[in-house]
Every structure is written in C-alpha cells, then in structure tokens.
Amino acid sequence: MLFNSLEYLIFLPIVVFFYNLLPRKFKNIFLLLASLAFYSFWNVKYTFLMLLSIFITYITGIYIEKNRANVKKMKLAVFLCFFINLGILFIFKYFNFFANIINSFSDNNFNIAIDVLLPVGISFYTFQALGYTIDVYREDLHAEKNLVDYALFVSFFPQLVAGPIERSVNLLPQLKSPKKFSYDNLISGLILFTYGMFLKLIIADRAAILVNEVFGNYESFSREILIISGILFTLQIYCDFYSYSIMAKGSAKILGIDLMDNFKEPLLSKSITEFWRRWHISLSTWFKDYLYIPLGGNRRGKMRKYFNLIVVFLVSGLWHGAELSFVLWGLIHGIFNVLENIFGLNKKSLHKNIFVDTFKRIVTFIIVVFAFIYFRAENIHQGNEYLLAILSNEKSLDLLGELSKTSFGISNIYPLTFGVIILFIFDILKYNKINLSEGLLKIILPIRWLIYLAFIFIIIIFGVYGPEFSESAFIYFQF
C-alpha cells in the first residue's frame, strides 16, 4: 500500500477516525493492528518475519534490564540479538551478493543462490529495533515492558517501510501517551502530506520518465542529455525519498505524533560533510551514534578518524543495496568527507560571501550528481560506461529535438521546471529558517483554503500517473 495510492487515501482517514474514537487503553492495540494490516498488503508471510524481529529485540531489552549487574550476560544478549537480526537481514538481502563474489574468485561455480524476495522495509525496521536494543544497553531508556507499545514502536505504519529510522527515546514516549485529536495537527499533517504528493507526482515520477529511458540506453544519447539525466536522477531520488519522509511525517502528525526530520535541504549544502548532515538524517545519525562513535569516532587521532569515516560510508553504501555500485557510491562520499576534513573545507566561514558560497554549492552538487550515477547504475561497469559516454558521445545539435523523440517529450519540461522552481524556493526559505507552515497558518481561513485547493488541483492536473492512473513505488522501498 503506497502513500500515493487510492488504498492509502482510504486507509489513513479510517485509521485516524477509529484511533480518535477509541478509549485510550485500546488506541495502541488498534494502531498496532492497523500497522500490521498495512505491512501485510505487501506480503503477509513477511509480517511474521517482522514480528520475529520485534519479539527477539523485546525479550533482549527486558533481559538486559534484569541483568544490569552482569556485564557479560548483557553483552552476550546484545551479541545474540544482533547476530539473529543481522543474520535474517543477511539471508534476505546479502546472501546472493556475497555468493556471487565467492563464485567470481573460485574455479568452481557453486550454485548456492537462494530465491527469495526482499521484504519491504527490512533494513529500516531492523535498524530501528537494534537501535532500541543499544539504547537499553546504554541505559538511555528503560526496557519497554508493554509488548503492544514496543511492537507498535517498531511497526508504526507511517515510517515502517522507508523511514525515518526513529529513535526509541523520541517515538516510544509519544506512543505511550496518545494525544487527543487536534485540528492544528490535522492541518499541519495534511500540508506535509500534500507537499509530499506534489514532490512525488510532479517532480520525482516525471523525472523518472527520462532517467529510466536514458540510463537504459545511454549509448544512443548526446552528452548533454546524459548530463541532464544525471542531474534529474539526483532530483528524482531526492524528491522521491523526501516526499515519502514528509508524507510519513504528515500521516503521523495527524495522529498527534511527531517524527524526526529526515531531510533538511541537502541540495543546498556547501560541502559533502554538510550534505550528510542534511541527507537521510535518521540513517546518518544512526551510523554516527551506533557505529562511528563505538569505532572511536574522532577520539583516537586523525588517521583513525579518517579510517572510521571510510568504514561508515562503505557500510552505508552496502546498507542501500547488495551491489558493488552502492559500495562505490558510499566510498566516493567517504573519500570526499575525509578530504574535506584534511583540508578544512567543511568548516564554517566566519565571513559570508555569496559568490564563494555559490561556488561551494555548485561543486558539492556536481560531486553528489557524479556519485549518484553509480547509485542509479545497475553495476559499476554501467556507471563507468555512462560517465565515459558523457565524455565521448557526440554533442547535441538540437537538444529539444532530441528530447521530443524520447518518451519524456517536450510537454513534460514545463511542469517539471515549475515543480523544481517551487522545490528550490521552499528549500531556500527553509534553509534560511523561514517556516512556511507557520506562515500559512496565519493567513485568513478562506484564502488559506484557496491555496490548499489550488495546490491539490495542480497535483491532480499535472501529476504523473501510470497506466490507468496506477501509482509508482518509492525508490527507497527496495532498501
């Protein structure tokens, strides 16, 4: 069930209605059942896999709490919990990847691949549950005794399949203290959800039309089209993932629950270091707190710090997908992070200079686009070939004519350009700490509702839909 589907647009109001209608003691039971039903829309069998992860981490948390005096028992419990959960993730996501690597170094072709579908959201809910386990071990919070509340924390439907990867210290207390229905929460949530739909249907899905065609046949296009397609994929994946995150945040807000921000205008970053403070924040902070700092962080000298950074970005790449192209994508970001640390390029300047800042943003954007070519490519070889094609393919003699021959055509240029302009206006305002939502809520009611309706009308008219208006999946569902 996708956020941009008719099923979800029916599902969410029903959940909100009954959640607010039920007595407090039944709210979380109902919300848990709704979350399990939501996940079961993809594959009922994999719901039981998620429940297994929930049960293991729940029992581990309680066991740790009861054995505070015995450090060995606590460490063994954490180890077994990680071993089982990461083992499940490995089997479903990485087994075939490593089997292929082993085969490539062997004279004998061992046919040990397994035919399994990747459970939707397994990387997200596994990391969320393991983060809770570490938090309990570190005594950042007490182990959750209520199984319903804990199961809801892991499976809460708005952020279940593509994040944000919530922290137990933020989400669990909110789930344990349900709020009464609020008109302000409803409107704020709907604003977020509608803007997310705008980003998904106007920008991400429209950019995908050209991106998919060009990446599938890059030898046939001019270097200009290849460059445009590379830029459009960066916009596509940003708007696709950002849209899911704010639609999740909006859905939760309607229920009175505040999820963390997962993006903070990353394409306006002036360095790769800043980019990762603004891109997929829930994952980058997870790796910082649960991997980078335990490895030693920056406390053991510069060389160890640089090594730790590379390790974190390699693991981040592997988290995204079982393919070496993702690992290379992570390595590229890791290398530039290290270089910025070595040369002090990630430090904030005391004196603002619009020309210097603009130059930094352009360079950072180029690096991000370059790395995302490997992210989009099916493998490293295709990524290399794509980049070589940019250098070697002929220049376009008629760019618009070339575009007109693609499935993207000319007609999609205008709504896409409009969408991108709106995106950057909003991002620039937010980057400069101007709160659009608060400003919108201060406008008199009739004018405000005209703005809402106009925005919805634009989405309906200019949104991209599949055959018979079917919805398209979000990119990060595959991770």
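The backbone N, Cα and C atoms fix where each Cβ goes, and this holds for glycine too.
Caution: TrEMBL annotation is automatic and unverified by curators.
The annotation transmembrane segment is assigned in TrEMBL to 6-22, 43-64, 76-98, 110-127, 186-204, 224-244, 306-322, 358-377, 408-429, 449-466.
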Could you tell me whether the transmembrane segment (6-22) and the transmembrane segment (76-98) have 3+ CB pairs under 8 A, leaving out pairs under 6 positions apart?
no
Count the Cβ pairs between the transmembrane segment (358-377) and the transmembrane segment (224-244) that lie under 8 angstroms and are 6 or more residues apart in sequence, then report whether there are at least 3.
yes
Excluding the flanking five residues on each side, which residues at least 6 beyond the ends of the transmembrane segment (306-322) place their CB within less than 8 Å of a CB in that stretch?
93-94, 96-97, 123, 127, 283-284, 287-288, 291-292, 295-298, 328-331, 333-335, 337-338, 341-342, 375, 478-479
May I ask which of the stretches 6-22, 186-204, 224-244, 449-466 has the most CB pairs under 8 A with the transmembrane segment (408-429)?
186-204
Short question: which residues 6 or more past the ends of the transmembrane segment (6-22) have a Cβ under 8 Å from it?
30-31, 34, 38, 41, 157, 178, 180-181, 251, 254-255, 471
